[in-house]
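If you scroll down you'll find the structure; I have some questions about it.
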Amino acid sequence: MEKLIITAAICGAEVTKEHNPNVPYTVEEIVREAKSAYDAGASVIHLHVREDDGTPTQSKERFKMCVDAIKEACPDAIIQPSTGGAVGMTDEERLQPVFLKPEMASLDCGTCNFGGDEIFVNTENMIINFSKYMIKNGVKPECEVFDKSMIDMAIRLAKKGHIQTPMHFNFVMGVNGGISATPRDLVFLIGSIPSESSFTVSAMGRNQFPMAAMAIITGGHVRVGFEDNVYIEKGVPAKSNGELVEKVVRLAKEFGRPVATPSEAREILGISK
């Protein structure tokens with residue numbers, strides 16, 4: 001079994017300091033949280049950025065400030081900007097961090113109803129366009145899937161040459177409007193991807209650590225962080241993203257699965273630094 005890649009989604013676009021006062025907004029806070037996760041064992045930093053007041057932004061300039069500062073604090077980390085941004089952003093806004101030529105970026109592979117009137121729109125043409133710019137800028141996509149139909153979309157587009165292979169998937173589980181976070185559903189998703197593909201599991205809230213354990217024992221990789229869950233255990237806010245990563249490292253040790261370094265993660269993901 002491959003070594004375990006741990007991704008830290010350190011702030012997201014929706015979670016706020018009201019949910020957990022340690023959620024980072026400023027560049028300094030974002031770097032602090034990235035370093036806490038990196039030092040704990042995360043090799044990938046999944047990155048959203050905020051204005052100082054917490055407003056989500058896809059500003060290329062703001063991303064550059066954060067990326068440069070994270071690289072200085074965590075020189076070997078794989079920084080993976082989000083192209084999901086926040087609900088309601090334009091395609092042009094969402095694409096901005098791709099033009100910084102990061103090693104990886106997220107590629108959302110379908111539309112999802114997030115609840116109420118919130119629709120996270122990702123049409124087929126949008127996915128093709130985003131992937132085109134990733135290929136042009138040498139960016140490895142992480143195919144974000146919220147249900148099985150999005151895997152089918154990614155496979156279909158890959159067969160047409162729109163998405164490079166082998167693909168790496170992120171199974172986003174337990175989101176309103178998406179697939180549930182259960183062992184049965186994870187096994188179903190794993191059986192739906194091409195055999196040469198790799199996958200990470202991102203489960204929301206209380207599901208984060210049970211599904212992390214499932215990912216570890218099924219040969220997948222794990223994402224944790226404030227974007228997906230702000231608690232270290234029931235009713236106890238996490239002190240940092242690093243604390244969440246440390247818990248995954250302990251789980252991996254119990255199951256006898258070594259944690260990948262950033263250089264080992266690059267080899268697994270097929271990324272050339």
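Including glycine, each Cβ sits where the backbone N, Cα and C put it.
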Which candidate from GLU227, GLU233, GLU243 does Swiss-Prot annotate alongside HIS46, HIS48 at the Zn(2+) binding site?
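The one candidate that Swiss-Prot places in that Zn(2+) site: GLU227.
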What's the CA to CA span in angstrom from GLY85 ((5S)-5-amino-3-oxohexanoate binding site) over to HIS46 (Zn(2+) binding site)?
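Checking the Cα atoms of GLY85 ((5S)-5-amino-3-oxohexanoate binding site) and HIS46 (Zn(2+) binding site) gives a distance of 12 Å.
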Quick check on the binding-site residues: of HIS46, HIS48, whose CB has the lowest count of neighbouring CB atoms inside 10 Å?
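Each of the binding-site residues HIS46, HIS48 was scored; lowest Cβ tally within 10 Å is HIS48.
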Looking at the binding-site residues listed here (HIS46, HIS48, GLU227), whose Cα lies nearest to that of SER106 ((5S)-5-amino-3-oxohexanoate binding site)?
HIS46
